[in-house]
Amino acid sequence: MGKVFGIAGCTNAGKTTLSKNLTDKIANVYGYDVIHLLQDDFFHEKEKVARIPHSTNKAIVFYDYDSCQALDISRMKNAVIEARDHHDLVILEGNLLTLMPEMIEIIDEMVFLSLDKATCEDRRVQRTDYDPPDLPGYFEQVVWPAYEDTLRAAQRIGGNVEIVEGNREDLINYALIKVFECFNNFVRLTHEEISVEEVSNIISSDQSGGQSLFIGTTRNNFEDKKVVSLSYEAYEPMAYQELWLICKETRARFPDLHRICIYHLLGDCPVGKKSVVIGTSSSHRKDAIHATEFIIDNLKARVPIWKKEIYDQGESKWKENQESLNHLF
């Protein structure tokens with residue numbers, strides 16, 4: 001059975017663009033079987049959609065397409081379940097998803113794209129593809145209040161619903177992080193101190209008979225030189241890409257794995273500080289141990305993360321990961 005990833009949030013916040021980019025990348029780069037479903041394909045026929053009068057101009061009547069009552073939710077849920085049974089991943093897009101408990105219960109992870117009112121309205125008035133087109137007052141009376149309802153619902157749900165700014169520069173990469181968490185692959189490149197306890201908690205599950213942890217720390221010497229600190233840098237988009245590919249390859253090699261967690265520090269890493277923590281869990285301890293070893297070996301060989309060694313005399317030296325350079329280029 002596949003996973004369901006929801007993309008909800010404000011109208012004109014970039015849901016469709018994000019959905020299409022994710023579908024393309026996850027299919028073509030990572031080799032998953034992905035299908036993209038849209039909430040808007042499940043609206044009732046126009047004559048079944050509620051009509052509401054303009055608050056001040058009774059000559060104007062709106063079709064309320066920003067209400068769950070305009071949707072055939074049962075048909076949508078059945079379509080998602082059917083798609084989930086035949087694909088690795090279903091990307092479900094819709095602005096009203098957080099108002100539908102029936103959909104929330106089958107969505108594994110969701111990002112909710114927020115947007116400020118002025119930007120939203122400016123983008124909305126430029127759209128010419130709405131059918132029926134927006135009538136005067138529809139945005140203020142229907143569209144924006146509906147968004148506020150969905151935002152409050154997202155805040156109440158919490159848990160697997162992440163609220164994120166729709167204009168965020170790294171939105172695609174952030175969404176990919178959440179997508180791969182659907183598959184229990186937890187990958188982070190972070191400037192914050194790595195918590196071994198956090199990694200251990202992530203990989204823990206009642207199904208797991210064994211867990212394996214690798215903790216890499218900065219040692220105080222290299223080739224008779226005293227090392228006082230390391231500094232790590234990465235080409236983050238490619239580093240994440242390689243790490244997610246490694247996760248997929250690891251699961252193909254060790255199919256009984258439950259969870260994979262890879263946390264790597266970026267920035268300064270003094271002697272004794274943790275630079276990388278890798279954890280896996282499996283039904284069997286040997287699989288977890290060998291999977292962790294496979295991951296760290298491939299990380300060092302393939303992932304574009306570089307370190308600068310800083311010595312006690314003040315000199316320093318960048319250590320290129322030549323293996324990863326050869327792999328990438």
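Any Cβ shown, glycine's included, is placed from N, Cα and C.
Remember, TrEMBL labels are computer predictions, not curated facts.
Around the Cβ of Lys300 (substrate binding site), the number of neighbouring Cβ atoms within 10 Å comes to 14. Taken from TrEMBL, the feature substrate binding site applies to His284, Arg285, Lys300, Lys307, Lys308, Glu309.
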Cβ neighbour count within 10 Å of Lys307 (substrate binding site): 18
His284 (substrate binding site) in three-state DSSP notation: coil
DSSP three-state assignment for Lys307 (substrate binding site): strand
